[in-house]
Amino acid sequence: MKLKQRVVLLAILLVIFIFTKVFLIDNLDTSAANREDQRAFHRMMASLRVELDPRLDHTMQSPWEIAAQWVVPREVYPEETPELGAVMHAMSTKKIIKADVGYKGTQLKALLILEGGQKVVFKPKRYARDYVVEGEPYAGYDRHNAEVAAFHLDRILGFRRAPLVVGRFVNLRTEIKPVATEQLLGTFMTVGNSTCFYGKCYYCRETEPACADGDIMEGSVTLWLPDVWPLQKHRHPWGRTYREGKLARWEYDESYCDAVKKTSPYDSGPRLLDIIDTAIFDYLIGNADRHHYESFQDDEGASMLILLDNAKSFGNPALDERSILAPLYQCCIIRVSTWNRLNYLKNGVLKSALKTALSHDPISPVLSDSHLDALDQRLLSILATVKQCTDQFGSDVVLVEDRMTLSHL
């Protein structure tokens, strides 16, 4: 065979090899990832119901030790958690050995220490389930049931970035007051036949206490993250100004995302995609109040954006605050795994899944039907927004493959 023919043959073989690599092998890899996404979705759906059962037959560890070992830089709890029911049962029933005012913030909460030394944050009931919070999308008191619902939505979306939350009933007279600090005890009062307290916070007022039904108060308890994982607070790049007549830059600058992409930690690593995930999460629950966010300290942008403080959610089912989605429609990128999960949840699956997940909580029903219906409608808006992006830029640009290996060793 002549040299020229050999060169031509080698060139043809090289083209065939490149074609195989790009169009066949890469597609196989993508298909494998998509199949794993589908398997993960089915595993999640099979474990939606969390029976609050105290038994931990296979281990000598306490529920608190188990939950502490779950935490890693990219998730608060693992995908498969057979002990989840036992941990949540402990959160909702363990004896309260100390009660104090909540950590600093704008909203009323109490810091409880449960038997075994575990800290939890207690948020009291302020509204009936069907109450509609009017006004700005961040208006009103914190909603304790929103914290419960947001945690289970985090499970359903497969993010696993929200600390554990469960509903709980407490007797303020017999469970809280005997173990309360003087600072917390000084905020207790009686209104009619009900025991009330107003706590210590930026917006806490003696004239606006949270009141029990007699002595029994409904609320939520959020599991405190282990102290070995200190948190670092960041200003959200799409945060609001909260000042009438003054817009944040993202509200008027259509190229704002380009500027964000040039600043740390959004110029590399997973953080910007975490912001996109969080925008989707917040839009679904109606949370327009994420002005700051937390990650683990000294992470250099590698750890997750932790979904803390979700109580300004589920206030008005008729209000779809599209501006919450600004990171998505301005950046026009989304994780492939997130996109797959959203598509699995359409056609009423999301509403049904969340309703099932919430059915065993002690304060069930956690959400009204109108809020559950709103989730499915908002999901359609998210899917339409991504389609607009892919129509404009192409799916190869918009759908980003970003699967980070997680370790629980």
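Backbone N, Cα and C atoms are what each Cβ position is placed from, and that goes for glycine too.
Remember, TrEMBL labels are computer predictions, not curated facts.
The number of other CB atoms found within 10 A of the CB of D289 (active site), across every protein chain shown, is 25. Look at TrEMBL and you will find D289 tagged as active site.
The ATP binding site annotation in TrEMBL covers Q107, K123, T222, L223, W224, L225, E294, D309. Its own atom aside, the Cβ of L223 (ATP binding site) has 25 Cβ atoms within 10 angstroms in the protein chains shown.
The Cβ of D142 (Mn(2+) binding site) lies under 8 Å from the Cβ of Q107, L108, K109, K123, R126, A311, K312, each on the same chain and at least six residues away in sequence. The Mn(2+) binding site feature in TrEMBL is assigned to D142, D309.
Confidence in the domain 'FAM20 C-terminal' (189-398), given as mean pLDDT, stands at 96. Under the heading domain 'FAM20 C-terminal', TrEMBL lists 189-398.
When the binding-site residues E294, D309 are compared by the number of other CB atoms within 10 angstroms of each CB, E294 has the fewest. The Cβ neighbour count for Q107 (ATP binding site), using a 10 Å radius over every protein chain in view, is 20. Note on proximity: among T222, L223, W224, L225, the binding-site residues of the record, the Cα nearest D289 (active site) is that of T222.
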